[in-house]
Structure formats: C-alpha cells, structure tokens
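Student: According to TrEMBL, the protein carries these features:
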DOMAIN    29-112  domain 'Pyrroline-5-carboxylate reductase catalytic N-terminal'
DOMAIN    251-387  domain 'Ferric oxidoreductase'
TRANSMEM  209-229  transmembrane segment
TRANSMEM  249-273  transmembrane segment
TRANSMEM  294-314  transmembrane segment
TRANSMEM  345-369  transmembrane segment
TRANSMEM  390-410  transmembrane segment
TRANSMEM  422-445  transmembrane segment
Amino acid sequence: MISFDNNESHVRYKLVEEGKMTETQKHSIGVIGTGNFARAIAKRLYYSADDQMIAYLSSIDDCFCDIAVGSISDCIQNAEIIFLAIHFADYTDCLGKYIPELSRKILIDVSNRDRPSETESNAEFLSTLVPDAKVVKAFNVLSAYAIEEETAGGSRRVFLAGNDTTARTKVSVLARELGFYPVDLGLLKSSRKIERFPIRLFPEWRGPIAFSIAVFNIWFLYIIFIYFVEKSAFSWEQIFIKVTNKPLCMTAITLLSATYLPSSIASMFQIFYGTKHIRFPYWFDKWLKARKQLGIMAFILVTVHVIISVLLMSPTYWRSWYHPIKIIVPKNLTEDLELPMVTWMIWKGEAACLAGILAFLCLCILAVSTIPSVSETLNWKEWQFIQSKLGHVSLFLSVVHVIIMGAPGWANGGVVKILKSITFLSLILPVITLTLKILFSFPCLNRYVTKIRRGWERNNTGCKAKCSKPYNSGYVVSKKENSKLDFNFDAEASQMIQFESDACECHMLKNV
Ligand SMILES: NC(=O)C1=CN([C@@H]2O[C@H](COP(=O)(O)OP(=O)(O)OC[C@H]3O[C@@H](n4cnc5c(N)ncnc54)[C@H](OP(=O)(O)O)[C@@H]3O)[C@@H](O)[C@H]2O)C=CC1
Ligand SMILES: [Fe+3]
C-alpha cells in the first residue's frame with residue numbers, strides 16, 4: 001500500500017507495511033459527481049491506484065466495484081483529495097453549503113468551458129468560492145474515455161496548476177500513479193492557459209496552412225493565365241495532374257524560402273537596433289514561430305510534386321527533357337517496318353532530376369529530424385546543423401533544379417518573356433533568401449551578429465528595445481534601478497514599468 005510522505009519539502013512514496021499505516025497518513029480520494037468523468041476517474045482510481053486509496057462517489061445509486069459510495073457530505077468529510085467532476089455552472093449550487101468543511105482539502109478542478117474567460121479561470125473562481133481549500137487545476141485536458149481506456153488516442157500529459165506547492169505535488173504524484181504524465185505549470189493563474197488547451201484545434205498550424213493555400217492559389221491562377229489564357233499550351237484535360245504539378249513546385253520553393261528568410265531578417269533587426277534585446281514586430285514574431293510548420297508544409301508539397309513527376313516521367317509529358325524521336329520512313333517499303341520508340345534524356349532532364357532528388361533527400365532528413373524521438377537523440381549543435389545548413393542546401397538544390405528547368409527557355413526569349421516566366425518569378429524569393437544567408441555568413445557580418453547575440457549592445461546607455469504590446473513570452477523592458485523586480489509577473493505589469501524611465505534595461509520574461 002502507498003501513502004504520501006511530505007518529508008524535507010518533497011513528497012515521496014513510502015511503502016507502509018500492512019497495519020502500520022495510520023488513518024492520517026492515508027490519502028483518501030473523493031469524487032464528487034456521477035457523470036461520465038466521475039465514473040471514469042473512479043474506475044481509474046480503483047484499477048490504477050493502490051488498494052488503500054478510497055474513492056467516494058457522491059450520490060450514485062448503484063454500488064461501484066469496491067469503492068465507497070456516499071453523499072457529497074460524506075465525500076467531503078472523508079476524502080483529503082477531491083475530484084470535482086461536475087460542470088462549472090453548478091459549482092456554487094453544489095459547494096455553497098460545504099465551504100467550512102472544504103477548508104484545507106485539495107480540490108481538483110477538472111472542468112472545461114466552451115469559452116474560457118480571459119480574466120478568470122474556472123479554477124480561480126473556485127478558489128474564491130472556497131478560499132480555504134487548496135485548488136489544483138488538473139485532468140481537464142483528458143477525455144473521460146482516455147481516462148478509462150489506456151488505448152485511447154491523444155496525449156496522456158496532465159497539465160496542472162495551483163498556488164499550494166504541496167497540493168500540486170500530491171496531485172502530480174497521483175497523476176503519475178494513475179498512469180499519466182504530469183506537467184506542472186506553476187501558479188493557479190496558469191489554469192487560464194490550461195483551460196484553453198482542450199478547445200484549441202492546431203492553433204500553430206492555422207496561419208501556415210492558410211498562407212500555403214494562398215500562395216498555391218496565386219501560383220495556380222498565374223499558371224492558368226500563362227498557359228491557358230495567354231497561349232494554349234495545354235489541354236484542359238491536363239489540369240488535374242500536369243498543370244497542377246507546376247504550382248505545387250512553385251509553392252513548395254516559396255514556402256521553403258519563407259522558412260529560412262526570417263533568420264536573416266532577425267539578424268537585420270538586431271544589427272539595426274544594436275542589441276538582441278528587442279521585441280520583434282508582432283507579424284515577424286508569428287512568422288518566426290511558424291517556421292517549423294512552413295518547412296513541413298514545403299516538405300509535404302515537395303513530396304506530392306515528386307510523386308506526380310515520377311508518375312508522368314515520359315517523353316510525352318516532359319518533352320524538353322528527352323531527345324526527340326526521329327522516325328524516317330523509307331520510301332520503298334517492301335517488308336514490315338519496326339520503329340524503335342526508345343529515347344534518352346538530354347542533359348537538362350538528367351541534371352534537373354539529380355538536383356531534384358538531392359533536394360528532396362535533404363528535405364527528408366530535415367523532416368525526419370523534427371520527429372520528437374529523433375530530435376531527442378541530437379544535441380543542440382547537430383540539430384542546428386541539420387535545420388539550418390541542410391535546410392539552406394536543400395533550398396539551393398531546389399533553386400538549381402528550377403534554374404535547369406527554366407534557363408534553356410530564358411535563352412530563347414526576350415526580357416519580358418523571362419520576367420513573366422514562372423521559373424524566373426518563383427526564383428526571386430529563394431535567391432533573396434540565399435543571398436542574405438551568404439551575406440550574413442561573411443566573417444565581418446557574422447562576427448558582428450554573433451557578438452550581438454551573445455549580449456553585446458552597441459548603445460548601452462539607453463535601451464532601444466520596444467515593447468509596444470504584451471505577449472505571452474519574450475523580452476520586457478524595465479527601469480535599471482528596479483532590476484530586483486520579480487519577473488514572474490504578468491505581461492501587463494511589465495508594460496507599466498517600461499514607461500517609467502528612459503534608463504531602462506531588458507529582461508527575459510519568464511513563466512508567463
Ligand atoms: N466528460 C469528459 O470527457 C470530460 C469532462 N470534463 C469536466 O468534468 C466535469 C463533469 O463532466 P461530465 O462528467 O462529462 O458531465 P456529466 O453531465 O456527465 O455529469 C455532471 C455531473 O454533475 C452532477 N451535478 C450537477 N449539478 C450538481 C449539483 N448542484 N450538485 C451535485 N452534483 C451536481 C450531475 O449529477 P446529477 O446527474 O445527479 O444531476 C452529474 O453527476 C465537467 O466540468 C467537464 O467540463 C473534463 C474533461 C473531459
Ligand atoms: Fe520540379
């Protein structure tokens with residue numbers, strides 16, 4: 001059997017021999033509610049936690065396994081840790097009359113709301129409703145099904161927050177005991193963040209997907225205009241694969257550039273301000289954070305482009321890649337004529353294929369390295385090498401691929417034709433990205449940027465950093481005299497400090 005022993009400020013398991021454990025050492029667990037969540041957590045407690053853990057299921061009519069079933073009042077009196085498995089709207093009605101009894105009890109708030117409040121979480125409301133209870137926000141990110149079934153999909157992490165450290169640790173240990181991975185997010189105000197987790201749907205993907213669709217549409221419409229409106233280069237029957245393959249390639253190379261361009265723009269910002277302690281503009285901050293998603297979108301589109309290109313690999317579809325087949329029919333045919341239809345690729349086809357294959361290979365390595373189990377095996381330098389160096393190599397090879405595809409055509413046309421060609425247009429952003437990368441790799445610029453990134457400031461008498469809007473993380477500006485401030489405060493507070501004095505310094509904003 002297991003009890004929690006709070007010794008030297010850390011809670012550890014203590015195996016207690018049968019009979020020796022006193023009632024006060026035992027942690028009885030209560031569950032208020034009879035709904036889906038209550039039944040699921042009670043079942044989990046019964047099967048996963050030690051026999052000695054007692055769960056009280058309030059007001060349930062049928063007996064549930066060996067778990068004691070009783071009234072809410074019983075549950076509150078007997079349990080030390082209580083799961084509050086009822087809806088947020090019922091909190092006042094349910095707990096109003098038990099406020100004195102709930103004093104010093106650990107109340108686990110598992111509730112969610114369709115629209116979480118920006119100013120007060122359910123858990124914060126609960127801690128004002130029952131001020132003497134130790135409220136811990138936890139388990140709300142799991143569904144009742146995931147609690148009951150080990151095989152259910154989705155993350156098994158349990159985020160928790162609460163102002164009482166011991167209560168938080170006890171709930172952490174309990175979560176682990178139940179087979180989940182606790183992630184302690186600190187004080188109860190973090191519950192606002194935790195309550196937003198279950199209702200979010202891939203928030204970090206929305207921007208990159210919308211951007212990819214927009215870029216694809218622009219390229220697609222331009223290609224329709226060039227190949228169908230201006231001239232009739234293709235039949236509409238080819239719209240599904242042959243024609244669509246072109247904007248796929250153009251979008252992929254644009255997205256790949258968009259993945260690597262921000263690092264150079266960040267260097268430009270840092271050189272301009274002469275410090276690394278700057279808050280980037282909101283749009284740029286978002287762009288920096290979307291690089292991984294943009295890179296993955298580029299990889300997906302490149303994969304589709306490769307599949308389609310391989311499927312279409314024939315002299316009919318890729319005419320310019322192959323030697324033309326010349327058939328000379330003799331004038332005086334006296335016997336059956338056999339016509340060989342074999343042709344070889346010209347240098348353009350072979351070179352474009354090679355550059356394309358190598359670029360795809362680099363992207364595959366990049367994509368594999370983003371898988372958490374793989375990235376965990378890399379140290380910081382290896383990760384940086386793959387993400388930055390290999391990424392730029394892959395962009396360079398993609399540029400070579402497109403140049404080989406387009407350059408022979410450029411040689412035959414005038415300036416206007418070159419400027420209008422899709423190969424030329426799609427190369428503008430990648431070439432800018434690669435040029436900036438080369439520029440910032442020159443020793444003089446590279447050394448200067450590295451110096452700034454290590455903390456050197458060009459003008460350290462005043463602070464050039466701007467913090468016009470509070471965000472969830474990043475840098476804040478504060479008065480120099482006030483540098484002993486607690487920076488674990490919220491972002492709005494940091495705003496007020498910034499405007500108090502010109503003599504300011506920059507701090508990293510933590511735990512917000
Ligand atoms: N279900 C899930 O997958 C998840 C649920 N949650 C959270 O868990 C909580 C419970 O959800 P769920 O079990 O699905 O909801 P249910 O509707 O299935 O159950 C609600 C429970 O609350 C009880 N209840 C309502 N009003 C009172 C009251 N005044 N006093 C005492 N008990 C009351 C109900 O009892 P009665 O039937 O007798 O009225 C019922 O047992 C919610 O806050 C929800 O956000 C969180 C994550 C996942
Ligand atoms: Fe291609």
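Positions of Cβ are set from backbone N, Cα and C atoms, glycine also.
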Student: In terms of Cβ proximity under 8 Å, which residues at least six beyond the ends of the transmembrane segment (390-410) contact it?
Tutor: 249, 252-253, 256-257, 259-260, 295, 302, 320, 348, 351-352, 355-356, 358-359, 362-363, 365-366, 417-418, 421-424, 426-427, 430-431, 433-434, 437
Student: Quick one: average pLDDT across the domain 'Pyrroline-5-carboxylate reductase catalytic N-terminal' (29-112), no decimals.
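Tutor: When the pLDDT values over the domain 'Pyrroline-5-carboxylate reductase catalytic N-terminal' (29-112) are averaged, the result is 82.
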Student: For the domain 'Ferric oxidoreductase' (251-387), jot down how many residues DSSP puts in helix, in strand and in coil.
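Tutor: Across the domain 'Ferric oxidoreductase' (251-387), the residues distribute as 90 helix, 2 strand, 45 coil.
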